[in-house]
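Below is one structure, written out as structure tokens; comments come after it.
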Amino acid sequence: MMTLFDPDNTPAHQAPTGGPIIMDGRRPDGERPGGYQSPLLEGLNPQQREAVEYRGPALLIIAGAGSGKTSVLTRRIASLLETREAWPSQILAITFTNKAAAEMQGRVKAILGQGADGMWISTFHSSCVRILRREAENAGLSASFSIYDSADTKVTLKRIIKSLDADTLGFTPGNASAKISKLKNELADVDSYSRNANMSDPQEVMFVEIFRQYTQRLRAANALDFDDLIGETVYLFRAFPKVAALYRRRFRHILVDEYQDTNHAQYSLVRELTRPVDPELADEMEATGVHVRNLRDATGGIPGASLTVVGDSDQSIYAFRGADTRNITEFERDFPGTKVILLEQNYRSTQNILSAANAVIGHNFDRKDKKLWSAGGDGEKIVGFTAYSGHDEAQFVADEIEVLHSAGMAYRDMAVFYRTNAQTRALEEILVRSAVPYRVVGGTKFYERAEIKDALAYLISVANPNDELALRRILNTPKRGIGPATETGLASFAEANQISFRQAMRDCASLGLGPKVTGAILKLAALLDEAALKIDPANPAGQANVSELLTFLLDGSGLLTLLRGSRDPQDEARAENIEELVAQTKDFNKENPDSGLVDFLTQVSLVAAADDLDDASGTVSLMTLHTAKGLEYEAVFLTGVEEGLLPHQMSANEPGGPAEERRLFYVGITRARQRLYLSLAMTRAQFGDINVAMPSRYLQEIPVALIDWKQSPGMANSRGGTQPRALNARRDGFGGGFAKRGEPQALPPAPKPKTEWTNRVSQVRDNGDLTLAAGDRIRHVDFGDGRVNQVTGDGTKRIAHVQFDTAGAKKLLIKIAPIEKI
DNA sequence: AGGTACATACTTTTT
DNA sequence: GTATGTACCT
């Protein structure tokens, strides 16, 4: 994966940007005959066609959801290559996920074949790692630097906060890392921050100290966190104009997808890369043998690369991560001479789905009005469903999935979205029970499992001996009798003698520890040293590949063997996971024969949630709304459309929060091609107890005629007049009472029980002080008769555990459940 | 050093 | 309801 490029490897006769097509006949795939009509434009509408063909310094493509932007971007790249306006190596395309990058690379290759090799199509983070590893020395790093994920960052901060007693001032690893991340996204560092900090505020002083120590620890460990990857690359370019010039010269066409979600650091990176090269620097490059002649303009410098960005401010959902839509709204100002192209025709969804999406997003003010439209017809109505609980909602989803499946839709064409990862539990429980094949995309990722992180820490310790975090992780994993006391002893020994933790391990004999402990430490140090020798380029015995190295470390440490021998049944699963990792390293060796340990670790560090999405798996996909961005499915279930969840409680106080949540809802809606299901629950279990939920404010923004409520939220208005606002502001035209949920589920195109939701606050369901005890028999509106087995909780949160005669066991919130005693 | 038992606080979204 | 932290025991 990590094919490092040589800035000098591009031929001297390369075509200047935007210049005439060079038909030099030196490329084997041959000349095009005159009058040749490129198939690249086939099937494109006029706007898409222009987006492919336009040439100029800057192009902004405002691409509504489903408007075919990936296709446009792909064909634009193919067009640049096909016309010989650019060599593959001159193209840098930035996507949001590695998966999107791989897909784009595949599509361009499918069009052009071999002529596509050498392009950089990757994420911001991957591109930056590539640059930083190559230029590590200038950045003050070694090329095998570690990449810290958020968990690593938190562990580091936790240690710092503990040593500073900063928790007394309210610092937690969570809030400190959030603040540091935010600053780094703004390209601030400790020094620039402390210059403007209010140092009379003790909390501020403490934060600066935390930030400083954190920066120092990462430096000492030869490590960068996610945000550093971008920031350090920008710093590198700013501090070393000659290094920057190499990349500015190389990348003549830069394309950025999902531009609305770029933050300031990423914006700055794009800026740096698209700056022109001064004539003097160009002279200097030429003098050192870098081919620049064909690139130089009248002034003798190299003009800035052409920049294409694609985005949609309505789909900006990463403000919490520093994304700034001003990057897109002010693009024309930032890059004078920008051409703007609007793609509004949607090729994905039915008109009903689009009308709902338009209506929802129309409630955000401060946006350029943009209406998606489709030529594909209205399609089915959106299906709405109000469940009694999260489990009930999950059951609805499972049932509808089965309905769709038996009507011929493949599982892989369906997806279930939710706002928070915590919602997966109920869904998974029911899907397992209903035997629906599913896959959770993202969530707790494979590489975040403890045993995998342990195994990886062994590899990291070999690749980067300065990584104290990784060393301390494996110090007593598996158990070697090295406790926390010994660990801190080693750390302070290292600190006092200005040596690395690793060296401290080698020298631990002078620490006067017990013979057993000393022996254990020395054995581990020797194991790591021996492993390092196996990948030392100077080793005459040759190089071990990643899987050989991992196997060696696992054997030497006994990690896998001990898990195998354990009686704990969970350890068996852990052992299997480690075996899976070994298998992955073997695959990696096979697919990347020229890549080594550091490349493998890089790849592992930068996998995104959506990356491990396997299209071939015949399963329903479960994911958060954030992960869903950029994907599409025939049928989409958008669950938990409730106040407090969507919009999420946490966003309520943040400026722009509710608007961002609305965009999130909009993103979810627009993922659906044919069928869209919106569901919510009247009560939701969280924190171990059950809370009453209210329909999301966004639901009332969808025109009533577009939704067919299988069960309306009318009965959600069941708490007296306490709620601030009823679901739908209109007070007329909503007759009807409670909807009845048909037994198990209605059949496919089902005669839909037309149930409009009602809005009358007077319609209160409140069982008041209804008391139930074990043994009572009750009747439930939907579940029929049943017997109370147990009552738990108290006050308004009393729960009856009921065994229904036909519907099975359920838990009901007594106060609001549609039940009566019989 | 390491295990167990109980208490506690936390849950937004992610490269 | 879970993951983490503390106290106490072996």
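Every residue gets a Cβ built from N, Cα and C, even glycine.
Caution: TrEMBL annotation is automatic and unverified by curators.
Per TrEMBL, region 'Disordered' is recorded for A:1-42 (among others).
Residues or ranges marked as domain 'UvrD-like helicase ATP-binding' in TrEMBL: A:42-350.
In this view, A:G68 (ATP binding site) is surrounded by 22 other Cβ atoms within 10 Å of its Cβ, with every protein chain counted. Under the heading ATP binding site, TrEMBL lists A:A63, A:G64, A:A65, A:G66, A:S67, A:G68, A:K69, A:T70.
Residues annotated as domain 'UvrD-like helicase C-terminal' in TrEMBL: A:351-630.
Sequence annotations record features per position, and here TrEMBL assigns region 'Disordered' to A:734-758 (among others).
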Cβ-Cβ distance under 8 Å, sequence separation of 6 or more, same chain as A:G64 (ATP binding site); the residues meeting this, in order, are A:D312, A:D314, A:L343, A:E344, A:N346, A:K370, A:L372
Long-range Cβ list for A:K69 (ATP binding site), cut-off under 8 Å, min separation 6+ in sequence, same chain only, gives A:I61, A:A63, A:D257, A:V310, A:L343
Across the domain 'UvrD-like helicase ATP-binding' (A:42-350), the model's average pLDDT, rounded to a whole number, is 89
A:T70 (ATP binding site) has its Cβ surrounded, within 10 angstroms, by a count of other Cβ atoms equal to 17
Apart from the site residues A:A63, A:G64, A:A65, A:G66, A:S67, A:G68, A:K69, A:T70, the 8 Å Cβ neighbourhood of the ATP centroid comprises A:V72, A:D312, A:L343, A:N346, A:Y347, A:R348
